Amino acid sequence: MSPAMLQASSLCVSAALSGAASRPGRLASQGHQGKRAVAQPLAASAVTEAAPPAPVVAPPARPVDAPRRRGGRGGGGGGGELVAWKSVRQERWEGALEVDGELPLWLDGTYLRNGPGLWNLGDYGFRHLFDGYATLVRVSFRGGRAVGAHRQIESEAYKAARAHGKVCYREFSEVPKPDSFLSYVGQLATLFSGSSLTDNSNTGVVMLGDGRVLCLTETIKGSIQVDPDTLDTVGKFQYTDKLGGLIHSAHPIVTDTEFWTLIPDLIRPGYVVARMDAGSNERQFVGRVDCRGGPAPGWVHSFPVTEHYVVVPEMPLRYCAKNLLRAEPTPLYKFEWHLESGSYMHVMCKASGKIVASVEVPPFVTFHFINAYEETDEEGRVTAIIADCCEHNANTAILDKLRLHNLRSSGGQDVLPDARYVHTRATRTTTSTHARARWMTGNTMCRVGRFRIPLDGSQFGELETALDPEEHGRGMDMCSINPAHVGREYRYAYACGARRPCNFPNTLTKVDLVERTAKNWHEEGSVPSEPFFVPRPGATEEDDGVAISMVSAKDGSGYALVLDGKTFEEVARAKFPYGLPYGLHCCWVPRNRNSK
Ligand SMILES: CC1=C(/C=C/C(C)=C/C=C/C(C)=C/C=C/C=C(C)/C=C/C=O)C(C)(C)CCC1
Ligand SMILES: [Fe+2]
């Protein structure tokens, strides 16, 4: 056992952190080649350079029962809970996966998923899905075979929690509990410097143009480089510029040549738009957008770009510096809802940094933009920007639904917020009657929200529903598209949808934005995560490829599911020998990537 593994298991024994142990165990499945279920630290080449060995089935890891919150009820713990919402006892695991079906031989690379898969510290259970410590799960495909691996990201926040058995940094809803008033004052001081904010990079994962792989969250310091082969934490990604800021969008737009990001400015409400060349660690200032409403910038978890423009959304769900300071979470966590402040979409020219449009739009709530592109007239002049997102009906209720207590107590109820667009409050008084009337009457079912932002100097933009939300069960989030279409016209989006009744998206859906239809995959009681589209090398059609998702199944098992990009039918599944916790975003690392 390596020192790292020894450290991990002894920490686990001391119960500093539930979910920190791997258990060596018996080998199952006669006829399968023997291999220890617990991964020894492997040479990076063991998986990536050679075809994976024949499938082995390792003993199931035991999900950690969701413990009670200290001093209170809740947190679940009932036997009927889904493995998706449990921390799984696998600190570090690697092994060949049993495959049902035929994996395409062209599928040659690694599917890597990040997410907050550890929600317990000893007997203390976290509150919110987004609080969990970052967990990487990967499946490497080669020659029709699959090898899986699973381990935690060694952020400072995670290491400190493991060492001290308590939350030491400010997470999404959890904050360190001060031992005394003096230590509370000390904490406030560290907040202003950003040093008490977490670096728990539990949200996104991207491959940069130079092949480096980064895990991300909303704090800038939570950009952490990982090795996609070993899942080792390589170290902090240091931005070498002087742009500053504490938080940024969790979803930069990354291409082979560049990286675009948004840095909200909480002091002088606005956003800095920055870009970074592939191979560099230095972001460059491109331009600035001043907010048009509210006391603070709107939350920018993600944003879209087109070929020539960056789209900067300003929604009424705005950051709140006061809430960042609080010891206990507020209903909207670090945010506040300011309907009266209005909602806007800004468009910045990538080349000049100039704002070419800034329009007021109907109120909206979105975490994930899907894509954007330029609409042109017959002469090829750009007349408008089309920007699509997973829109939550201008309703912030989804944040509450994603509390672990709610996710764990499904009870068969249909509690996933519905897509119906109901205005319960008047829009801001400065809005023209015309626009107000449009908001009150039209566009009443928003799931794939489609913004149209005219570039002719108009004051208002439109927000419409791109297809009938019933097509995907009135639920839709966690989206991917063919990467060749980022910033360009596109037709297909792959996402999680809903089969009612449910309390969380429980289907995979392929949305056709031209036909306005959807194809859905569903397996009763399963929780699938973001389907990531991987194009077939040499493909000319947009949906020629596969969509890969990880499924936490009702029977406690977990598998990577490979769906055909066109038919949306199952091609194969690669089964983990234990259940997987839910995870958020993913990326594809081709075998022949450049790597630094
Ligand atoms: C906001 C601040 C922080 C943390 C932010 C985090 C961790 C945000 C994560 C947001 C995510 C994962 C949003 C995902 C939404 C998914 C949905 C709606 C899915 C629906 C169903 O499919 C800190 C870094 C803690 C501190 C600064 C402020
Ligand atoms: Fe996200």
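First residue shown is number 1, and so on along the chain.
Here the Cβ of each residue, glycine as well, is placed from N, Cα and C on the backbone.
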Just to be sure I read the record right: His301, His368, His585 are listed as binding Fe cation in TrEMBL. Which of His248, His251, His405 is listed for the same site? His251
What other residues of this chain sit with their CB within 8 A of the center of the CB atoms of His251, His301, His368, His585, the recorded Fe cation site? Thr203, Gly204, Ser249, Ala250, Ser302, Phe367, Phe369, Leu584
Cβ neighbours of His251 (Fe cation binding site) where a neighbour is any other Cβ within 10 Å: 23
Restricting to the same chain and to sequence separations of six or more, state which residues have a Cβ under 8 Å from that of His301 (Fe cation binding site). Glu218, Ser249, Ala250, His251, Thr366, Phe367, His368
Provide the number of Cβ atoms within 10 Å of the Cβ of His368 (Fe cation binding site), excluding the reference atom itself. 22
